[in-house]
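Student: Here's the feature list from TrEMBL:
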| type | residues | note |
| --- | --- | --- |
| SIGNAL | 1-18 | signal peptide |
| DOMAIN | 53-101 | domain 'Kazal-like' |
| DOMAIN | 107-205 | domain 'SRCR' |
| DISULFID | 177-187 | disulfide bond |
| DISULFID | 211-223 | disulfide bond |
| DISULFID | 218-236 | disulfide bond |
| DISULFID | 230-245 | disulfide bond |
| DISULFID | 248-260 | disulfide bond |
| DISULFID | 255-273 | disulfide bond |
| DOMAIN | 320-552 | domain 'Peptidase S1' |
């Protein structure tokens, strides 16, 4: 019994130390609600270099409901207003519809000792002032109220208070915010007749101070109690207390990217975790259009990129080294690269448009005219009606590629468009999604690898084969100075499943909780099933911006567009 207690204590201490280290690393990287490595950007933002940046209004959808800003300007939709506010920090949302002279929304604090604290009240349409009820009020609403009042870091605290003679009223407003709004006018609001109803009081953050040892230092400079981190509640006001969590406290849900979200976000028909696990197994989810906010409506109007869904479900099979043949439609993104000899020496992966991703060592600029891309190929010797071929129009090898170390060993091939329909589309050809965050899949995640490489006897194979491999996190210990940033390892501990010569350039495919496939890696160095030495892959998420720069981000961006 004592041994179990000691083991339990050691485990708890390990978790605490691990969490503190994770927070320390996150603090260095300054992860917040604007870090698209960790969370989705808002509809009026897009992901650039790992950060959510303001869109220009014309980049928003053109349709939607017109809205009015506090400086009495009518916008075509909510996204256009928010993108302009995001850039200039003025002209907040006031109401839906066109602007009218009688429309107004003014927020203030009453019965406070300073200008930064008090009971929250609003004056709507130049009428009587009305207080916000305590019902449904929390830190999300408090942060929005303080931002609305000109305190960009949000609230230090909030509480519910009994109305006094001054604040007693016939009705009050009950607000429900997401927490990312900049005005309480954006939040869902209902009017209540108060019956023993408490009112919402806030203390807005004014001055920074030095955090004590028992406090968490937020990226925006605020200090909060350590016990308020990783609880699904944005106490910092910039979400930095919720984006670096190995585990989450009661009442919240842990995303695989180590982000904590409120449990009410589960099954709300909106993906909040990067890999969709908050919506995965909640089969009774129902869409309720009555609860659609302007933010959600705009999100639904954004362009949808269709990728990563095979035409045929993959069943459990064996390995790529000596594995079983792939079937038609199982890997619709897999392409073969044939050189001037007519042999398949490398694979590649179709990512959309006319673009193929492969390994840099597979190709040479001087041989551009001799290469051919084969799509729909299952057998290198039996040609079927599903197969299509493309010459290559352009080869782009990463400018920092080092052929000796394989650093930055990634390349793009642009196929020549078909003259018939001026596109690179073939029957059954489906793009594989491109990951934008290195936190989407972690060590131990089971993925797939496919190719036409050698088998375990180093015999040449003519059929496309595939197998399951797991991501491994100890590769810097195995390969030491030969393992670099931007690389990933995958395989099995006994070497029974692995990539081999000829598989280079092909994809390492990882699936999210909604069974959407991503090209997590590109086969770079194959070990052919050598025990204790998994194959090395180029980690594609590290090169998202590089790929988007050449292909155009609209080709590869599934989210944050």
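Quick reminder: no glycine exception, Cβ is built from N, Cα and C everywhere.
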Student: Tally the residues of the domain 'Kazal-like' (53-101) by DSSP class, grouping H, G and I as helix, E and B as strand, and everything else as coil.
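Tutor: Looking at the domain 'Kazal-like' (53-101) with DSSP, the answer is 14 helix, 11 strand, 24 coil.
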Student: Determine the Cβ neighbour count for residue 245 (disulfide bond): the number of other Cβ atoms within 10 Å of its Cβ.
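Tutor: Taking all protein chains shown, residue 245 (disulfide bond) has 23 Cβ neighbours within 10 Å.
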Student: Which numbers of helix, strand and coil residues does DSSP report for the domain 'SRCR' (107-205)?
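Tutor: With helix first, then strand, then coil, the domain 'SRCR' (107-205) has 13 helix, 40 strand, 46 coil.
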Student: Out of the disulfide-bonded residues 187, 245, 248, 255, 273, give me the one sitting nearest to residue 211 (disulfide bond) by CA distance.
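Tutor: Nearest candidate: 245.
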Student: Counting other Cβ atoms within 10 Å, pick out the least crowded of the disulfide-bonded residues 187, 211, 218, 236.
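Tutor: Comparing Cβ neighbours within 10 Å for the disulfide-bonded residues 187, 211, 218, 236, 211 has the fewest.
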Student: What disulfide-bonded residues among 187, 236, 255, 260 are found with a C-alpha within 10 angstroms of that of residue 230 (disulfide bond)?
Tutor: 260
Student: Would you mind sorting out which of 223, 245, 260 (the disulfide-bonded residues) have a C-alpha within 10 A of the one on residue 273 (disulfide bond)?
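Tutor: Hits: 260.
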Student: Are there disulfide-bonded residues among 177, 236, 245, 248 that sit within 10 Å of residue 255 (disulfide bond), Cα to Cα? If so, list them; otherwise say none.
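Tutor: Final answer, ordered: 245, 248.
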Student: Just to be sure I understand: of 177, 187, 218, 223, 236, 260, which disulfide-bonded residues have a C-alpha no more than 10 angstroms from the C-alpha of residue 245 (disulfide bond)?
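Tutor: Cα filter at 10 Å returns 260.
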